[in-house]
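Participant: As annotated in TrEMBL:
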- 1-372: domain 'Major facilitator superfamily (MFS) profile' (DOMAIN)
- 6-26: transmembrane segment (TRANSMEM)
- 38-57: transmembrane segment (TRANSMEM)
- 63-84: transmembrane segment (TRANSMEM)
- 96-120: transmembrane segment (TRANSMEM)
- 126-147: transmembrane segment (TRANSMEM)
- 194-214: transmembrane segment (TRANSMEM)
- 226-248: transmembrane segment (TRANSMEM)
- 260-278: transmembrane segment (TRANSMEM)
- 284-305: transmembrane segment (TRANSMEM)
- 326-344: transmembrane segment (TRANSMEM)
- 350-369: transmembrane segment (TRANSMEM)
Amino acid sequence: LGISATMAGLAGGIFFIGYLFLQVPGGKIAVHGSGKKFIGWSLVAWAVISVLTGLVTSQYQLLVLRFLLGVAEGGMLPVVLTMISNWFPDVERGRANAIVIMFVPIAGIITAPLSGWIITALDWRWLFIIEGLMSIVVLVLWAFTVYDRPQEARWISEAEKNYLVKTLAAEQQAIAGKEVKNASLSAVLSDKTMWQLIALNFFYQTGIYGYTLWLPTILKELTHTSIGQVGVLAILPYIGAIAGMFLFSSLSDRTGKRKLFVSLPLIGFALCMFLSVALKEHTWLAYAALVGCGFFLQSAAGVFWTIPARLFSAEMAGGARGVINALGNLGGFCGPYAVGVLITLYSKDAGVYCLAVSLASLLALLLPAKCDAGAEPNPTVNPHKRAA
């Protein structure tokens, strides 16, 4: 379409304005209704909009469809995180969150070279059309394999169901005896910690999406290689992300230290992002630093999303996740757009520094001590052994 870097950043960022609309409704539906059905209909909308994106003829049509795609995808994360909390005890939840979120970089490993090949062999329009059609396959798998709660699942034993139901109920009883928020959503929004989580997530998403959406451009400028080769080079940062998420979530589950294992990956990301610019004259050292960015950046996600369940009751946690994700994801708009503007006005270095500064700012918003309140070292729990 011949769009500028600024317009490309706007197209990447406007998605997150639409992303706001179904965050809180999605979280509430997952608590009081069926998250499975919500995501099923979201996948249908996602497929249609993605195919239509491959047929656009102007940049304004692209902006509208990117906005609508954000609406369609908006409630998915709070719904999935709430469904995880319906299935996994607290001592396993960090790893469970990480495994689910881990499939974002796994998808990147698969789609980075595949997307490069499709664009080279066909064109970018076919990339969106094929992407939309593939979501129908995901919809079929989702419909026949996923259940909202353990009580509904047909593929686990009665002993396992009983273990999960009793363990999760006991956790909620324990929460009820602590100073945990169990009020209206407006009361939750008046809580200082809630706004710290929102601000933290804002800067976090600025870094994640600024880095992710501009990584191919940064790699191409750094290495002066073809689109296909850039797709291959983009694989290693995603492999690093998988390793980082599993490592930090496992350590957090074992120690109960949520705050620490959110902060450490962010410090690592800021350092690696700085090194990727400082070493730009040494191509492969700078590339290694970008791989390090991948290792650290996503690593905080699984741990971060265990925190709402420590602060809010089960009835409120779904809506709280929606609010945190909705307002925090405004950073997903600001990150790509700000980097696009800086690349247009100055250079790619300015855009990269923007990401480093956003993550450095995030470190000032350290989580409060009560996020770790009552957390003690926990041995790994095996539901199968416990159920037996």
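Along the chain as shown, residues are numbered 1 onward.
A Cβ is built for glycine as well, from the same backbone N, Cα and C atoms used for every other residue.
Whatever TrEMBL says is automated annotation, not expert-curated.
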Participant: With a Cβ cut-off under 8 Å, give me the same-chain residues at least six positions beyond the ends of the transmembrane segment (284-305) that come close to it.
Facilitator: 81, 94-102, 104-105, 200-201, 204, 207-208, 211, 215, 218-219, 222-223, 233, 236-241, 243-245, 247-249, 252, 258, 261-263, 265-266, 268-269, 271-273, 275-277, 321
Participant: Mark yes when the transmembrane segment (260-278) and the transmembrane segment (96-120) have three or more Cβ pairs under 8 Å (sequence separation 6 or more) and no when they do not.
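Facilitator: Checked: the transmembrane segment (96-120) vs the transmembrane segment (260-278), no contact.
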Participant: When only pairs 6 or more apart in sequence are counted, do the transmembrane segment (6-26) and the transmembrane segment (226-248) reach 3 or more Cβ pairs under 8 Å?
Facilitator: no
Participant: So which residues does the transmembrane segment (38-57) touch in its own chain, when a touch means Cβ under 8 Å and the partner is 6 or more beyond its ends?
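Facilitator: Same-chain residues near the transmembrane segment (38-57) but 6 or more away: 1, 22, 26, 29-30, 65-66, 68-69, 71-73, 75-76, 79-80, 124-129, 131-133, 135-136, 138-139, 142-143.
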